[in-house]
Amino acid sequence: MSSKKKGTKREKNHHSSKIVDANEPVNDPFYASPLYDFLAPFRPAGSQWLTHYVIIIFALIIRLAIGLGPYSGMNTPPMFGDFEAQRHWMEITQHLPISEWYWFDLQYWGLDYPPLTAFHSYILGKIGTFIYPAWFALNESRGYEEDGIKTFMRLTVVLSDIIFYIPAVVYFTKWVGRHRNQSPVSQYIAAAAILFQPSLMLIDHGHFQYNSVMLGLTIYTINNLLDGFYSMAAVCFVWSICFKQMSLYYAPVFFAYLLSKSLFFPKWFNISRFIGIAIATVLAFVSVFGPLYLFGGRITNVRQCISRIFPFARGIFEDKVANFWCVGNLFIKFKTLYTQEQLQLYSLVLTVAGFLPAFLMSLLYPKKHLLPYSLTTCAMSFFLFSFQVHEKTILVPLLPVTLLYTSNDRNVLSFVCWINNVSLFTLWPLLKKDHLSLQYSTCFIMCNWLLGNFSFITPRFLPRFLTPGPPVSDTDKNYRRRSLLPNNILWKLIIVCSYIAMFAIHIGDRFIEPPKQYPDLWVILNCVVGFGCFVMFWLWAYYKLFTLRNKTIQAL
């Protein structure tokens, strides 16, 4: 047999027969995953434009399906939950002057997000009031939970995704794909992997929040940096901060990157660029805080807004979360041994120490392909060590992590998949409280299956037509796609052990009643496992940041 024919096999399926090269190098990192198989028919040039609409429609269908379930605080008076908080903010912004937005009945879901959230609530509330005024009647609508308001509120989150998040993700994957000579379909496969991130879908469309607005504005910031539009990047990031203050987790890296591009790269002291960025930043803040000052009681109202945004009086942590302070409190009773002021100082020192290497790398190596890693390490430092962190805040470091689905390195993808699963696991206590167990398990299984994480279950164990991956149509019958685990045996062991621990905690939480003296046993174990995984991933991300500093985008 000639060398040309040696590596080929003829394979038949129910559609047609085809020649498959068993030894052909496979470059697409998602090759032989169900997601790849779903989008592979659109590879012909005449069909590629359809891929855009297929992944967006599929992403919206998943979000709408999640929205059919319960939400935070459903049928739990008197305070209800985040759903009621968002509805209440639409209520007060409709009926009260701007001077009262940050002062009105602070004990009942007082507004505690920056002004852009308030303006967002005002616009959505105007639309809702036009449709049905009773949804947002002042004081009388508290706890309103009829089907109409549920449908409206759910659709506003979907609309926010469509406007802010989805276009930003698609543009990012297209930009990276074009600069790495990837096919359009490969770019859309990466976009689909990002859009199907289960944690964000479950928090925004299940629990109920509008995190996609903040995260979408952050991706627009990255996109503008990729295109070299530095002033517009500054505007987008300011608006991201002014929607949710947690976006400050990215601030050191963006500040260092813009400063470096203005003063050091590509030439020394580009004063015009520096001034342009400074003016754009100031104008962006003025556009958001200006109305509070002009129409809301001058500086007093601005100060009240800022005090509501940064509630240091609440303590180092409130709920159980997988970070240093909550897990460390198991061994060192921080709140007993130290004053509030001391804990604030210690938190500041640890956080700065955590993100300082990322800050310096962004200052000295302002390279586009390093942005996901520098943002990841910086934001994770805030999550692990900063003040007043909530479990939902993991969405902030998870954004730049998930953008690494554009990587061609399967080792990188293995870490991205792993930490996405760990993050979802740490959200389990919250989602369980919201009665979103079905949505949690379904999204976990579906997203891992789509990415090929179950493809190690090959026809050697199951009949070919029952195999959850690799796909029948595009692979040789002897092809065995490995699961998304790294090559390094130590990391492989760590990741597998973490999955075993997560599975064991779920089994214990489901079937074993915790001891009376430790009623939160399973939640605490959840935090401990999550914290350990986050720390190891944080160190790995720093390792990648340092090793890639002299590389190009091809090494992403």
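Each Cβ is built from the backbone N, Cα and C atoms, and glycine gets one as well.
What TrEMBL says about a protein is an automatic prediction, not a curated fact.
Annotated in TrEMBL:
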TRANSMEM  50-71  transmembrane segment
TRANSMEM  119-139  transmembrane segment
TRANSMEM  151-173  transmembrane segment
TRANSMEM  215-241  transmembrane segment
TRANSMEM  247-265  transmembrane segment
TRANSMEM  274-294  transmembrane segment
TRANSMEM  343-363  transmembrane segment
TRANSMEM  370-389  transmembrane segment
TRANSMEM  412-431  transmembrane segment
TRANSMEM  443-462  transmembrane segment
TRANSMEM  489-509  transmembrane segment
TRANSMEM  521-543  transmembrane segment
Report summary line: Contact set of the transmembrane segment (215-241) with the rest of its chain, CB cutoff 8 A exclusive, min separation 6+ beyond the ends, reads 114, 116, 160-161, 163-169, 171-172, 175, 200, 247-248, 250-251, 254, 257-258, 261-262, 273, 276-277, 279-281, 283-285, 288, 368, 371, 375, 395-396, 399, 403
Query raised in the report: What same-chain residues lie close to the transmembrane segment (412-431): Cβ under 8 Å, and 6 or more beyond its ends?
Result: 29, 197-199, 202-203, 206-207, 320-322, 391-392, 394-395, 398, 401-402, 404-405, 437, 439-440, 443-444, 447-448, 451, 453, 484-486, 491, 495, 498-499, 502, 506, 509, 522-523, 526-527, 529-530, 533-534, 537, 540, 544, 556
Query raised in the report: Counting Cβ pairs under 8 Å that are 6 or more apart in sequence, does the total for the transmembrane segment (247-265) and the transmembrane segment (370-389) reach three or more?
Result: yes
Query raised in the report: What else in the chain is close to the transmembrane segment (370-389), if you only count residues 6 or more beyond its ends and a Cβ gap under 8 Å?
Result: 222, 225, 248-250, 252-253, 257, 311-312, 314-318, 321, 323-325, 343-344, 347-348, 350-351, 354-355, 357-359, 361-362, 396-397, 399-401, 403-404, 531, 534-535, 537-538, 541-542, 544-545, 548-549, 556
**Report entry** For the transmembrane segment (50-71), sequence-distant contacts whose Cβ falls under 8 Å of one of its Cβ atoms, 6 or more beyond its ends
**Finding:** 38-39, 42, 81-83, 150, 154, 157-158, 161-162, 166, 170, 184-185, 188, 191-192, 195-196, 201-202, 204-208, 434-436, 438-439, 443, 446
